[in-house]
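In what follows, a structure is listed as structure tokens, so that the remarks can point back to it.
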Amino acid sequence: MEIIKITPRGYCYGVVDAMVIARNASLDKTLPRPIYILGMIVHNKHVTDAFESDGIITLDGPNRLEILEQIETGTVIFTAHGVSPEVKRRAKEKGLVCIDATCPDVENTHTLIRRKKADGYHVIYIGKKGHPEPEGAVGVAPDIVHLVENKQDIEQLPESLNDQKLIVTNQTTMSQWDVKHLMEDLEEKFPHIEVHKEICLATQVRQEAVANQAPSADVLIVVGDPKSNNSNRLAQVSKEIAHTEAYRISDISELKLEWLEGKSTIAVTAGASTPTPIVKEVIDYIKGYDPLNITPIPETSGVPVDKILPKIKNAAPVKILD
């Protein structure tokens with residue numbers, strides 16, 4: 001069986017930066033305890049479990065402000081997905097020490113929204129409802145940001161927006177093809193709209209790699225957490241653009257033998273928040289797959305927790321929000 005290891009795949013710089021920030025926080029004895037992460041630092045349960053073993057508590061839920069109310073004292077880390085100004089204000093009001101691990105690409109979108117609001121614009125934001133990144137972006141200026149996820153949402157936007165200065169931007173981890181189609185629909189409805197595509201480069205090149213390399217495979221395995229939007233989009237790109245069957249799995253335990261049976265070429269990629277050892281475990285199993293002598297798929301991943309987080313040789317001081 002041939003294996004195509006899609007390149008690039010796995011960790012992006014924003015994820016690595018966020019994990020290093022949280023790891024440094026766990027090693028900084030001057031920070032008040034407990035240390036909480038407001039949501040999943042990145043969307044991967046293996047990573048959040050590893051931080052739990054490091055003494056950092058992950059609090060997750062659909063709304064950052066509601067989660068924040070569970071915290072009375074200590075330190076709070078904002079995740080790579082970004083948070084609204086209201087969350088930051090409330091955390092300071094509660095007397096919490098705040099550390100910001102927002103991805104720079106997400107922060108760029110927040111800056112764009114702030115700037116356009118100051119210039120009198122309304123913003124149409126393409127994103128996945130219920131995902132923390134749109135929650136934070138909409139929260140930058142909730143009075144002028146309109147969240148849309150699909151064509152039906154666009155149809156429901158008021159015609160009165162034609163009388164407003166208008167831009168469209170997007171969640172950084174969306175499918176670039178979905179965003180393109182939705183932006184075209186918006187340009188048709190609002191001909192004067194300014195287009196600001198904000199798909200991050202890491203997401204873009206990983207999607208393009210799948211589009212270009214997956215057609216050579218019989219099936220694509222995407223290793224990524226179910227909450228990881230960029231992982232789910234990789235599977236979508238494989239099916240819709242590369243026309244290759246695709247399955248997303250969290251780790252080796254979710255791999256199915258029937259996906260491998262009768263196949264000659266298997267491609268493997270990974271979401272931007274998937275630990276490299278978790279991906280390697282999947283690749284190693286597929287490499288060793290023998291239809292005449294099948295090794296049972298493990299019920300759980302065998303990757304030790306201490307192999308998940310980045311190694312910190314010299315802990316750096318943690319930058320605390322003013």
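Glycine is treated like the rest: Cβ placed from N, Cα and C.
For CYS12, CYS103, CYS200, the entry in Swiss-Prot reads [4Fe-4S] cluster binding site, with the evidence type sequence analysis. Over all protein chains present, the Cβ of CYS200 ([4Fe-4S] cluster binding site) has 23 other Cβ atoms lying within 10 Å.
The secondary structure of SER273 (dimethylallyl diphosphate binding site), as reduced to three states from DSSP, is coil rather than helix or strand. Here Swiss-Prot flags HIS43, HIS81, HIS131, SER228, ASN230, SER273 as dimethylallyl diphosphate binding site.
When other Cβ atoms within 10 Å of the Cβ of HIS43 (dimethylallyl diphosphate binding site) are tallied across all protein chains shown, the result is 30. The isopentenyl diphosphate binding site annotation in Swiss-Prot covers HIS43, HIS81, HIS131, SER228, ASN230, SER273 and rests on sequence analysis.
The (2E)-4-hydroxy-3-methylbut-2-enyl diphosphate binding site annotation in Swiss-Prot covers HIS43, HIS81, HIS131, THR172, SER228, ASN230, SER273. For SER228 (dimethylallyl diphosphate binding site), the number of other Cβ atoms no farther than 10 Å from its own Cβ, over all displayed protein chains, is 26.
Among the features that Swiss-Prot reports, active site, proton donor is placed at GLU133. In the three-state DSSP scheme, GLU133 (active site, proton donor) is classed as helix.
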> With every protein chain in view, how many other Cβ atoms are within 10 Å of the Cβ of CYS103 ([4Fe-4S] cluster binding site)?
Replying inline: 25
> Just checking the recorded positions CYS12, CYS103, GLU133, CYS200: which sit within 10 A of HIS81 (dimethylallyl diphosphate binding site), CA to CA?
Replying inline: CYS103, GLU133
> What's the CA-CA gap between THR172 ((2E)-4-hydroxy-3-methylbut-2-enyl diphosphate binding site) and CYS200 ([4Fe-4S] cluster binding site) in angstrom, rounded?
Replying inline: 5
> Rounded to a whole number, what is the top Cα to Cα distance in Å among the residues the record ties to dimethylallyl diphosphate, namely HIS43, HIS81, HIS131, SER228, ASN230, SER273?
Replying inline: 15
>> Need the DSSP three-state call for CYS12 ([4Fe-4S] cluster binding site) to compare against my parser.
In response: coil
>> Say we define neighbours as other CB atoms within 10 Å of the CB. Which of the binding-site residues HIS81, HIS131 has the fewest?
In response: HIS131
